[in-house]
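Annotated substrate binding site per TrEMBL: Val93, Asn119, in sequence order. The NAD(+) binding site annotation in TrEMBL covers Arg174, Ile175, Asp195, Pro230, Leu231, His232, Ala233, Gly234, Thr256, Asp282, His311, Tyr312, Ser313, Gly314. According to TrEMBL, the feature domain 'D-isomer specific 2-hydroxyacid dehydrogenase NAD-binding' maps to 128-312. Here TrEMBL flags Arg258, His311 as site 'Important for catalytic activity'.
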Amino acid sequence: MKVVLVLYDAGKHAADEERLYGCTENALGIKDWLESAGHTLVVTSDKDGEDSELEKEIPDADIIITTPFHPGYISKERIQKGKKLKLLVVAGVGSDHIDLDYINESGRDISVLEVTGSNVVSVAEHVIMTMLVLVRNFVPAHEQVMAGGWEVAAVAKDAFDIEGKTIATIGAGRIGYRVLERLVAFNPKELLYYDYQALPAEAEAKVNARRVEDIKELVAQADIVTVNCPLHAGSKGLVNADLLKHFKKGAWLVNTARGAICNAADVAAAVESGQLRGYGGDVWFPQPAPADHPWRTMRNKYGAGNAMTPHYSGTVIDAQIRYAQGTKNILESFFTQKFDYRPQDIILLNGKYKTKAYGADKKV
Ligand SMILES: *[C@@H]1O[C@H](CO)[C@@H](O)[C@H](O)[C@H]1NC(C)=O
């Protein structure tokens, strides 16, 4: 079979850490395994546009493996070109770069699987870090000392504690719930969540979180809001100028879910006007982010309030070990025709939705 693997290039960094599996050079550690079994593997980072290597390989590909970090966008047109496609694997979590609705509607016998759980702790830790970085105003303070300066007031005037704040998560699934668990130790005033379904009573009690069913009421009460839901038709552009008006003035917003859940221009305007005190996260649309993306340079009135990084929260080395192994397990199950996939990894099975987050329920 022909397997196409879309990853980012690591260049000189690939040799620094052999467990940096998620780059073209290290190819998820599956190159020898696939080739010794007689399969053909094409590894590329060249993914966008008609002349890209991905586009050229699609007609012959049986399997395409992509990641959320350097997403190989699998559009309707590409699925139509890929007449042999049988399996799409996401080495990581989040299949919004694949036109899932089209596969479902087309009746094509294509399965889409993710490595569910591979990133949850990694992303939850990044959310907590980003909250601390923003609320405590770390970035300007660090830049000050690196530049040889010493001006405490310049950074203290925009720095606070997490303790005593009301913190809300949009989405309380695998990542959102872990964020709530980790926040308990900070003694917040209150933890709130918004989700299409309530947490089980014991889970809610464990983190002492309260569900708010109206998203405008949720954001109106929160000092810090974090987005932890999948991107789909119901969440695209969810955080826009209209919703931002309902935020508490000067709230912080952290989004490590997907860039397209927030309207980029509206968020940048809110940071610059002071409606948001700061915004941070690591997800962008598209990826790689263009050099002029407003989130690269937006600042609040103190020249702070920006905690953006490239999309790496779910691709730290510990996560790479998990998603490389998980991808191999999925491929093995497919090649041996056992199809004994982990149920939680299945997004579409033989062209039909298996998961609520994308399919059956279109709410957040
Ligand atoms: C999936 O396709 C079926 C038709 O085959 C349709 O009834 C259903 O609404 C589709 N599901 C989604 C979530 O689009």
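Using N, Cα and C of the backbone, Cβ positions are placed for all residues, glycine too.
Counting in whole angstrom, Val93 (substrate binding site) lies 12 from Thr256 (NAD(+) binding site) by their C-alpha atoms. The maximum pairwise C-alpha distance among Arg174, Ile175, Asp195, Pro230, Leu231, His232, Ala233, Gly234, Thr256, Asp282, His311, Tyr312, Ser313, Gly314, the residues recorded as binding NAD(+), is 25 Å. For Leu231 (NAD(+) binding site), applying a Cβ distance below 8 Å and a minimum sequence separation of six or more within one chain yields Gly94, Asp96, Ala257, Arg258, Ala260, Ile261.
Around His311 (NAD(+) binding site), the same-chain residues at least 6 positions away in sequence with a Cβ under 8 Å from its Cβ are Pro68, Phe69, Asp282, Val283, Trp284, Gln287. Neighbours of Arg174 (NAD(+) binding site), defined as other CB atoms within 10 A of its CB across all chains, total 18. A straight line from the CA of Asp195 (NAD(+) binding site) to the CA of Asn119 (substrate binding site) spans 20 Å. Counting only the Cα atoms, the space from Asn119 (substrate binding site) to Thr256 (NAD(+) binding site) is about 11 angstrom.
Cβ environment of Thr256 (NAD(+) binding site): Val123, His126, Val127, Thr130, Ile175, Thr226, Val227, Asn228, Gly281, Asp282, Val283, Ser313 lie under 8 Å away, each six or more residues apart in the same chain.
The number of other Cβ atoms within 10 Å of the Cβ belonging to Val93 (substrate binding site), over all protein chains shown, comes to 24. Here the binding-site residues are Asn119, Ser313, and the one with the most other Cβ atoms within 10 Å of its Cβ is Asn119.
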